[in-house]
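Taken from Swiss-Prot, the feature transmembrane segment covers 2-22, 26-46, 55-75, 96-116, 149-169, 178-198, 199-219, 242-262, 276-296, 323-343, and the record attributes it to sequence analysis.
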Amino acid sequence: MSPYVFLIISISLFLGTSLTLFSNHWLMAWMGLEINTLAIIPMMTYPNHPRSTEAAIKYFLTQATASMLVMFAIIHNAWMTNQWTLFQMANSAASVLMTLALAMKLGLAPFHFWVPEVTQGIPLSSGMILLTWQKIAPTALLYQISPTLNMKVLITLAFLSTMLGGWGGLNQTHLRKILAYSSIAHMGWMTIVMMINPSLALLNLLIYIIATLTLFLMLNFASVTKIKSLTNLWNKSAPMTTAILLTLLSLGGLPPLTGFMPKWLILQELVSNNNIIMATLMALSALLNLFFYMRIIYASTLTMFPTTNNSKIQWPYPQTKTINIIPTLTIISSLLLPLTPLLTTLMY
(Lines of atoms letter the chains of each structure in order from A; the text may use other names.)
(Lines give C-alpha, C1' and ligand atoms only; values in the text may rest on other atoms or scores of the structure.)
Protein backbone atom coordinates (compact mmCIF):
# COMPACT_ATOMS: atom_id res chain seq x y z
CA MET A 1 0.00 0.00 0.00
CA SER A 2 1.24 3.46 -0.88
CA PRO A 3 2.45 5.46 2.16
CA TYR A 4 0.21 8.35 1.12
CA VAL A 5 -2.87 6.12 0.95
CA PHE A 6 -2.00 4.57 4.31
CA LEU A 7 -1.58 8.06 5.81
CA ILE A 8 -4.97 9.19 4.49
CA ILE A 9 -6.66 6.04 5.85
CA SER A 10 -4.97 6.43 9.26
CA ILE A 11 -5.99 10.09 9.51
CA SER A 12 -9.56 9.19 8.51
CA LEU A 13 -9.72 6.51 11.21
CA PHE A 14 -8.46 8.97 13.81
CA LEU A 15 -10.82 11.73 12.67
CA GLY A 16 -13.84 9.41 12.60
CA THR A 17 -13.26 8.23 16.16
CA SER A 18 -12.46 11.76 17.37
CA LEU A 19 -15.64 13.13 15.77
CA THR A 20 -17.72 10.56 17.64
CA LEU A 21 -15.87 11.11 20.92
CA PHE A 22 -16.08 14.90 20.98
CA SER A 23 -19.47 15.58 19.41
CA ASN A 24 -22.58 16.40 21.42
CA HIS A 25 -24.97 16.11 18.46
CA TRP A 26 -26.28 12.75 17.28
CA LEU A 27 -25.80 13.51 13.59
CA MET A 28 -22.10 14.32 14.04
CA ALA A 29 -21.59 11.19 16.14
CA TRP A 30 -23.23 9.10 13.40
CA MET A 31 -20.99 10.70 10.78
CA GLY A 32 -17.95 9.75 12.86
CA LEU A 33 -19.07 6.12 12.92
CA GLU A 34 -19.51 6.15 9.14
CA ILE A 35 -16.07 7.67 8.52
CA ASN A 36 -14.60 4.94 10.74
CA THR A 37 -16.34 2.20 8.78
CA LEU A 38 -15.40 3.53 5.34
CA ALA A 39 -11.78 4.24 6.33
CA ILE A 40 -10.92 0.71 7.42
CA ILE A 41 -12.38 -1.09 4.38
CA PRO A 42 -9.45 -0.29 2.00
CA MET A 43 -7.06 -1.46 4.72
CA MET A 44 -8.97 -4.74 5.05
CA THR A 45 -8.80 -5.48 1.32
CA TYR A 46 -5.01 -5.05 1.10
CA PRO A 47 -3.32 -7.19 -0.13
CA ASN A 48 -6.01 -8.01 -2.68
CA HIS A 49 -7.30 -11.54 -2.08
CA PRO A 50 -10.76 -13.12 -2.49
CA ARG A 51 -10.98 -13.89 1.24
CA SER A 52 -10.11 -10.35 2.31
CA THR A 53 -12.56 -8.92 -0.23
CA GLU A 54 -15.29 -11.22 1.07
CA ALA A 55 -14.49 -10.22 4.66
CA ALA A 56 -14.62 -6.52 3.76
CA ILE A 57 -18.03 -6.95 2.08
CA LYS A 58 -19.37 -8.81 5.14
CA TYR A 59 -18.06 -6.07 7.39
CA PHE A 60 -19.52 -3.31 5.23
CA LEU A 61 -22.99 -4.90 5.04
CA THR A 62 -23.12 -5.51 8.79
CA GLN A 63 -21.91 -2.02 9.67
CA ALA A 64 -24.29 -0.45 7.14
CA THR A 65 -27.20 -2.28 8.76
CA ALA A 66 -26.07 -1.18 12.22
CA SER A 67 -25.67 2.42 11.02
CA MET A 68 -29.18 2.35 9.57
CA LEU A 69 -30.53 1.21 12.95
CA VAL A 70 -28.51 3.94 14.71
CA MET A 71 -29.99 6.58 12.42
CA PHE A 72 -33.50 5.17 12.90
CA ALA A 73 -33.06 5.32 16.70
CA ILE A 74 -31.75 8.90 16.46
CA ILE A 75 -34.69 10.05 14.32
CA HIS A 76 -37.22 8.25 16.53
CA ASN A 77 -35.73 9.83 19.65
CA ALA A 78 -35.71 13.29 18.02
CA TRP A 79 -39.33 12.82 16.91
CA MET A 80 -40.46 11.89 20.44
CA THR A 81 -38.34 14.31 22.49
CA ASN A 82 -37.45 17.15 20.07
CA GLN A 83 -33.82 16.70 21.14
CA TRP A 84 -30.72 15.96 19.02
CA THR A 85 -28.37 16.24 21.99
CA LEU A 86 -26.22 13.18 22.50
CA PHE A 87 -26.99 12.83 26.20
CA GLN A 88 -30.76 12.93 25.67
CA MET A 89 -32.06 9.42 24.93
CA ALA A 90 -35.22 9.72 27.00
CA ASN A 91 -37.40 7.53 24.80
CA SER A 92 -37.16 3.90 25.94
CA ALA A 93 -37.82 2.36 22.50
CA ALA A 94 -35.10 4.53 20.93
CA SER A 95 -32.72 3.60 23.77
CA VAL A 96 -33.24 -0.15 23.24
CA LEU A 97 -32.87 0.21 19.47
CA MET A 98 -29.68 2.25 19.89
CA THR A 99 -28.28 -0.37 22.29
CA LEU A 100 -28.94 -3.17 19.79
CA ALA A 101 -27.42 -1.16 16.93
CA LEU A 102 -24.25 -0.39 18.91
CA ALA A 103 -24.13 -4.05 20.01
CA MET A 104 -24.05 -5.01 16.33
CA LYS A 105 -21.20 -2.57 15.73
CA LEU A 106 -19.27 -3.93 18.72
CA GLY A 107 -19.90 -7.55 17.78
CA LEU A 108 -21.88 -8.48 20.88
CA ALA A 109 -23.88 -11.72 20.80
CA PRO A 110 -26.34 -12.48 19.24
CA PHE A 111 -25.00 -10.03 16.62
CA HIS A 112 -21.51 -11.53 16.73
CA PHE A 113 -21.82 -13.60 13.53
CA TRP A 114 -19.57 -11.29 11.50
CA VAL A 115 -16.64 -10.93 13.92
CA PRO A 116 -14.87 -14.34 13.55
CA GLU A 117 -15.40 -14.55 9.78
CA VAL A 118 -14.22 -11.01 9.09
CA THR A 119 -11.21 -11.29 11.42
CA GLN A 120 -10.17 -14.60 9.86
CA GLY A 121 -10.32 -13.21 6.31
CA ILE A 122 -8.17 -10.11 6.79
CA PRO A 123 -4.44 -9.62 7.58
CA LEU A 124 -3.22 -9.50 11.18
CA SER A 125 -2.57 -5.74 11.00
CA SER A 126 -6.14 -5.01 9.88
CA GLY A 127 -7.51 -7.48 12.44
CA MET A 128 -5.61 -5.63 15.15
CA ILE A 129 -7.32 -2.34 14.22
CA LEU A 130 -10.71 -4.02 13.86
CA LEU A 131 -10.59 -5.60 17.34
CA THR A 132 -9.06 -2.60 19.15
CA TRP A 133 -9.49 0.85 17.60
CA GLN A 134 -12.90 0.14 16.04
CA LYS A 135 -14.36 -0.62 19.49
CA ILE A 136 -13.68 2.87 20.85
CA ALA A 137 -16.36 4.96 19.07
CA PRO A 138 -19.38 2.66 19.72
CA THR A 139 -18.27 2.20 23.34
CA ALA A 140 -18.04 5.99 23.75
CA LEU A 141 -21.65 6.33 22.59
CA LEU A 142 -22.78 3.59 24.99
CA TYR A 143 -20.90 5.38 27.77
CA GLN A 144 -22.60 8.70 27.04
CA ILE A 145 -26.13 7.27 27.01
CA SER A 146 -25.45 4.83 29.89
CA PRO A 147 -27.95 6.48 32.33
CA THR A 148 -30.84 5.74 29.94
CA LEU A 149 -29.89 2.17 28.98
CA ASN A 150 -32.15 -0.81 29.66
CA MET A 151 -30.51 -3.04 32.27
CA LYS A 152 -32.30 -6.23 31.15
CA VAL A 153 -31.13 -5.77 27.56
CA LEU A 154 -27.55 -5.14 28.71
CA ILE A 155 -27.49 -8.22 30.96
CA THR A 156 -28.86 -10.41 28.16
CA LEU A 157 -26.32 -9.12 25.63
CA ALA A 158 -23.45 -9.42 28.12
CA PHE A 159 -24.28 -12.95 29.26
CA LEU A 160 -24.75 -14.24 25.71
CA SER A 161 -21.49 -12.60 24.64
CA THR A 162 -19.39 -14.08 27.43
CA MET A 163 -20.86 -17.56 26.99
CA LEU A 164 -20.78 -17.66 23.17
CA GLY A 165 -17.37 -15.97 23.11
CA GLY A 166 -16.08 -18.76 25.36
CA TRP A 167 -17.79 -21.66 23.61
CA GLY A 168 -16.96 -20.43 20.13
CA GLY A 169 -13.23 -20.33 20.75
CA LEU A 170 -12.88 -23.80 22.26
CA ASN A 171 -12.14 -25.86 19.14
CA GLN A 172 -10.50 -23.18 17.01
CA THR A 173 -7.02 -23.65 15.59
CA HIS A 174 -6.67 -20.25 13.90
CA LEU A 175 -5.37 -17.54 16.19
CA ARG A 176 -7.36 -14.76 14.51
CA LYS A 177 -10.64 -16.57 15.18
CA ILE A 178 -9.60 -17.22 18.77
CA LEU A 179 -8.87 -13.52 19.27
CA ALA A 180 -12.22 -12.67 17.64
CA TYR A 181 -14.11 -14.85 20.13
CA SER A 182 -11.97 -13.39 22.90
CA SER A 183 -13.09 -9.93 21.76
CA ILE A 184 -16.76 -10.98 21.91
CA ALA A 185 -16.32 -12.24 25.48
CA HIS A 186 -14.46 -9.13 26.64
CA MET A 187 -17.12 -6.87 25.13
CA GLY A 188 -19.63 -8.83 27.21
CA TRP A 189 -17.69 -8.06 30.40
CA MET A 190 -17.61 -4.40 29.43
CA THR A 191 -21.33 -4.28 28.64
CA ILE A 192 -22.61 -5.82 31.86
CA VAL A 193 -21.09 -3.06 33.99
CA MET A 194 -21.85 -0.18 31.59
CA MET A 195 -24.97 0.97 33.43
CA ILE A 196 -23.72 0.24 36.97
CA ASN A 197 -20.30 1.87 36.64
CA PRO A 198 -19.48 3.27 33.16
CA SER A 199 -15.94 4.28 34.20
CA LEU A 200 -15.16 0.66 35.05
CA ALA A 201 -16.40 -0.37 31.59
CA LEU A 202 -13.92 2.07 30.04
CA LEU A 203 -11.11 0.69 32.23
CA ASN A 204 -11.97 -2.83 31.06
CA LEU A 205 -11.92 -1.67 27.43
CA LEU A 206 -8.55 0.06 27.90
CA ILE A 207 -6.88 -3.00 29.42
CA TYR A 208 -8.41 -5.26 26.76
CA ILE A 209 -7.14 -2.98 23.97
CA ILE A 210 -3.59 -2.88 25.40
CA ALA A 211 -3.40 -6.67 25.86
CA THR A 212 -4.91 -7.45 22.44
CA LEU A 213 -2.68 -4.88 20.75
CA THR A 214 0.38 -6.48 22.38
CA LEU A 215 -0.66 -9.94 21.24
CA PHE A 216 -1.41 -8.88 17.66
CA LEU A 217 1.93 -7.05 17.36
CA MET A 218 3.82 -10.14 18.49
CA LEU A 219 1.88 -12.48 16.19
CA ASN A 220 2.29 -10.09 13.27
CA PHE A 221 6.00 -9.76 13.97
CA ALA A 222 6.41 -13.56 14.04
CA SER A 223 4.02 -14.04 11.06
CA VAL A 224 2.02 -16.62 13.01
CA THR A 225 -1.67 -17.29 12.28
CA LYS A 226 -2.18 -20.86 13.58
CA ILE A 227 -1.61 -22.55 16.92
CA LYS A 228 0.58 -25.14 15.18
CA SER A 229 2.94 -22.39 13.97
CA LEU A 230 3.48 -21.20 17.55
CA THR A 231 5.21 -24.44 18.53
CA ASN A 232 8.47 -23.38 16.86
CA LEU A 233 8.42 -19.78 18.04
CA TRP A 234 10.88 -20.57 20.84
CA ASN A 235 13.44 -21.35 18.11
CA LYS A 236 13.22 -17.82 16.77
CA SER A 237 12.57 -15.73 19.86
CA ALA A 238 12.40 -17.18 23.37
CA PRO A 239 11.58 -13.80 25.02
CA MET A 240 8.62 -13.36 22.68
CA THR A 241 7.31 -16.78 23.70
CA THR A 242 7.38 -15.65 27.33
CA ALA A 243 5.71 -12.35 26.44
CA ILE A 244 2.91 -14.17 24.60
CA LEU A 245 2.43 -16.44 27.64
CA LEU A 246 2.11 -13.46 30.02
CA THR A 247 -0.24 -11.57 27.71
CA LEU A 248 -2.53 -14.56 27.22
CA LEU A 249 -2.69 -15.24 30.96
CA SER A 250 -3.50 -11.57 31.49
CA LEU A 251 -6.31 -11.73 28.92
CA GLY A 252 -7.59 -14.80 30.74
CA GLY A 253 -7.82 -12.79 33.95
CA LEU A 254 -5.38 -14.70 36.15
CA PRO A 255 -3.88 -12.91 39.17
CA PRO A 256 -1.45 -11.25 39.69
CA LEU A 257 -1.61 -9.95 36.10
CA THR A 258 -3.32 -6.79 34.85
CA GLY A 259 -6.26 -8.63 33.25
CA PHE A 260 -7.42 -9.83 36.67
CA MET A 261 -8.12 -6.23 37.73
CA PRO A 262 -11.21 -5.42 35.58
CA LYS A 263 -12.79 -8.85 36.15
CA TRP A 264 -12.27 -8.54 39.89
CA LEU A 265 -13.75 -5.03 40.01
CA ILE A 266 -16.69 -5.95 37.73
CA LEU A 267 -17.59 -8.98 39.88
CA GLN A 268 -17.31 -6.77 42.96
CA GLU A 269 -19.72 -4.24 41.41
CA LEU A 270 -22.21 -6.96 40.46
CA VAL A 271 -22.16 -8.46 43.96
CA SER A 272 -22.57 -5.04 45.60
CA ASN A 273 -25.63 -4.47 43.38
CA ASN A 274 -27.15 -7.83 44.46
CA ASN A 275 -26.52 -9.46 41.06
CA ILE A 276 -24.88 -12.47 42.72
CA ILE A 277 -26.25 -15.03 40.24
CA MET A 278 -25.02 -12.98 37.29
CA ALA A 279 -21.61 -12.53 38.92
CA THR A 280 -21.34 -16.31 39.39
CA LEU A 281 -22.31 -17.00 35.76
CA MET A 282 -19.83 -14.41 34.48
CA ALA A 283 -17.03 -15.90 36.59
CA LEU A 284 -17.81 -19.38 35.27
CA SER A 285 -17.92 -18.15 31.67
CA ALA A 286 -14.42 -16.70 32.13
CA LEU A 287 -13.16 -20.28 32.57
CA LEU A 288 -14.13 -21.04 28.97
CA ASN A 289 -11.91 -18.24 27.73
CA LEU A 290 -9.11 -19.30 30.04
CA PHE A 291 -9.27 -22.82 28.60
CA PHE A 292 -8.53 -21.80 25.02
CA TYR A 293 -5.87 -19.34 26.16
CA MET A 294 -4.23 -22.25 27.98
CA ARG A 295 -4.39 -24.30 24.77
CA ILE A 296 -2.33 -21.63 23.01
CA ILE A 297 0.11 -21.42 25.93
CA TYR A 298 0.49 -25.21 25.99
CA ALA A 299 1.20 -25.31 22.26
CA SER A 300 3.66 -22.41 22.30
CA THR A 301 5.67 -23.21 25.43
CA LEU A 302 5.22 -26.85 26.46
CA THR A 303 5.03 -28.81 23.21
CA MET A 304 7.02 -29.13 20.02
CA PHE A 305 5.32 -30.50 16.93
CA PRO A 306 7.34 -32.60 14.42
CA THR A 307 9.50 -30.33 12.31
CA THR A 308 12.69 -30.39 10.29
CA ASN A 309 14.36 -27.98 12.69
CA ASN A 310 13.89 -29.04 16.30
CA SER A 311 17.38 -28.71 17.67
CA LYS A 312 19.00 -25.76 15.96
CA ILE A 313 18.35 -22.28 17.24
CA GLN A 314 17.43 -20.11 14.30
CA TRP A 315 18.97 -16.73 13.69
CA PRO A 316 17.01 -14.23 15.78
CA TYR A 317 14.67 -11.74 14.23
CA PRO A 318 16.25 -8.45 13.17
CA GLN A 319 15.68 -5.56 15.54
CA THR A 320 12.95 -3.26 14.26
CA LYS A 321 10.97 -0.31 15.54
CA THR A 322 7.92 -2.55 16.05
CA ILE A 323 9.62 -4.85 18.55
CA ASN A 324 10.85 -1.90 20.64
CA ILE A 325 7.33 -1.12 21.91
CA ILE A 326 6.39 -4.75 22.57
CA PRO A 327 8.24 -5.00 25.96
CA THR A 328 6.55 -1.81 27.16
CA LEU A 329 3.10 -3.02 26.12
CA THR A 330 3.78 -6.43 27.67
CA ILE A 331 4.67 -4.82 31.00
CA ILE A 332 1.53 -2.65 30.90
CA SER A 333 -0.71 -5.59 30.00
CA SER A 334 0.79 -7.83 32.69
CA LEU A 335 2.01 -5.90 35.72
CA LEU A 336 -0.48 -3.12 36.53
CA LEU A 337 -2.47 -4.98 39.20
CA PRO A 338 -0.71 -3.13 42.09
CA LEU A 339 -2.17 0.11 40.70
CA THR A 340 -5.75 -1.07 41.36
CA PRO A 341 -6.29 1.18 44.44
CA LEU A 342 -5.13 4.23 42.47
CA LEU A 343 -7.39 3.44 39.51
CA THR A 344 -10.42 2.76 41.71
CA THR A 345 -9.83 6.07 43.50
CA LEU A 346 -9.80 7.87 40.15
CA MET A 347 -13.00 6.10 39.04
CA TYR A 348 -15.01 6.76 42.18
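The backbone N, Cα and C atoms fix where each Cβ goes, and this holds for glycine too.
Remote same-chain residues near the transmembrane segment (276-296) are listed as 155, 158-159, 162-163, 165-167, 169-170, 172, 175, 178, 181-182, 185, 188-189, 192, 227, 230, 244, 248-249, 251-254, 263, 266-267, 270 (criterion: CB distance under 8 Å, separation of at least six residues from the stretch ends). Packing against the transmembrane segment (242-262) from elsewhere in the chain are residues 182, 186, 189, 200, 203-204, 207-208, 210-212, 214-215, 218-219, 230, 233, 286, 289-290, 293-294, 296-297, 300-301, 326-327, 330, 332-337, 340, 343: each is 6 or more residues past its ends and has a CB under 8 Å from a CB in it. Long-range contacts of the transmembrane segment (26-46) within the same chain: residues 1, 5-6, 9, 12-13, 15-20, 52-53, 55-56, 59-60, 63-64, 67, 70-71, 74, 77-78, 84-86, 105, 118, 122-123, 125-126, 129-130, 134, 137-138, 141, each at least 6 residues beyond the stretch ends and with a Cβ under 8 Å from a Cβ of the stretch. Away from its own ends, the transmembrane segment (2-22) comes close to residues 28-29, 31-40, 42-43, 129, 133, 136-137, 140-141 of its chain (Cβ-Cβ under 8 Å, at least six residues beyond either end).
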